[in-house]
Amino acid sequence: MAVAPNGRRLLRIEARNAQTPIEAKPRWIRTTATMGPEFRDMKKRVKGAGLHTVCQEAGCPNIHECWEDREATFLIGGDTCSRRCDFCDIKSGRPEPLDEDEPRRVAENVREIGLRYSTITGVTRDDLPDEGAWLYAEVVRQIHKLNPNTGVENLTPDFSGKPDLLQTVFEARPEVFAHNLETVPRIFKRIRPAFRYERSLDVIRQARDFGLVTKSNLILGMGETVDEVKSAMRDLRDAGCDILTVTQYLRPSNLHHPIERWVKPEEFVMYRDYGHDIGFAGVMAGPLVRSSYRAGRLYAQAIKARGEELPANLQHLGEGIDDTASQEASTLLSKYGASRETPVGAR
């Protein structure tokens, strides 16, 4: 019987994944830590108040850039997800009871850090009657109440696609409602067995119909083809998705889905251009782009592309929106030059 380091019996899919060693990364997957004044101030505030962000706890490679923009991400609902996706490092199982004071604490953390834009994400809570809908909505309400000049992006699970639960979340009116599709139909069931491709598209559609700015993410390198990625992008756009991020899959451990290929920066540039061609208001694509990467700036870019004005209380998000982010594929091409094909191999 195969077991994990903590003594837990491995799932069959984990045992199969573990047969493939962790892969060596290509040269373009790297970051440079630049500690500017805003980053240093945020780090001091976070440490002084004993606060915790996903940015730190997940060891995000983009923390220096996002914190310099006064942006951060918070994980809500506990540290245990009621579903398991084959790419995700969050543990799955039966979650702890809901902490109803969490929304207030998160809002106070946002105020203490002095964020300009905050992303809220969290685990799936199928164990709760409302699947956590109240929690996701209440965090947005509390942040807006205590931080009227802070934008909020709400990255949520699908709430089983139930209109009444989604309505609860929509009515909190985040600046951006995000739900990540993540992959293409052919491999969706293996990668996200507890989710449904069409249901995720319908979540985006319902948010669009409510009048929210919508966002999603695609992870590449798990076995999809170029044509399948383009088709998924069209599906998202047809569902009413406004903003899209496209990223490279990085394997959290050998128990997770093996990396099928390293997507070159040139291909990410192609997806960015294709996304704009088919009508996305904002597209960010690159190997180390993540769904919350430079989220405030991407929101501001999307509002501008739609020919709209940022709300008066969020005008500050429009500063420097035309600058290229360091993890965008076009920046990597300028820095490293054309990419050679890099086969996937053990490190």
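Cβ coordinates are placed from backbone N, Cα and C, and glycine is handled just like the others.
Feature annotations, reproduced from Swiss-Prot:
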- C55, C60, C66, S292: [4Fe-4S] cluster 1 binding site (BINDING)
- 67-281: domain 'Radical SAM core' (DOMAIN)
- C81, C85, C88: [4Fe-4S] cluster 2 binding site (BINDING)
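Distribution of Swiss-Prot features across the structure.
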residue	record	contacts (Cβ under 8 Å, 6+ apart)
C55	[4Fe-4S] cluster 1 binding site	N62, I63, C66, W67, A72, T73
C60	[4Fe-4S] cluster 1 binding site	V54, C66, T73, R290
C81	[4Fe-4S] cluster 2 binding site	C88, I90, K91, S92, G93, P95, V123, T124
C85	[4Fe-4S] cluster 2 binding site	E182, I191, R192, P193, A194, F195
S292	[4Fe-4S] cluster 1 binding site	V54, C66, E71, T73, T119, T121, E153, L155
DSSP-derived class (H/G/I helix, E/B strand, else coil) of C81 ([4Fe-4S] cluster 2 binding site): strand
Taken over the domain 'Radical SAM core' (67-281), the model's mean pLDDT: 96
Shell of the [4Fe-4S] cluster 2 site beyond C81, C85, C88, same chain only (C-beta within 8 angstroms of their C-beta centre): R83, R84, F87, D89, I90, S92, V123, T124
Site of maximum Cβ density within 10 Å, from binding-site residues C66, C88: C66
Collapsed DSSP category at C88 ([4Fe-4S] cluster 2 binding site): coil
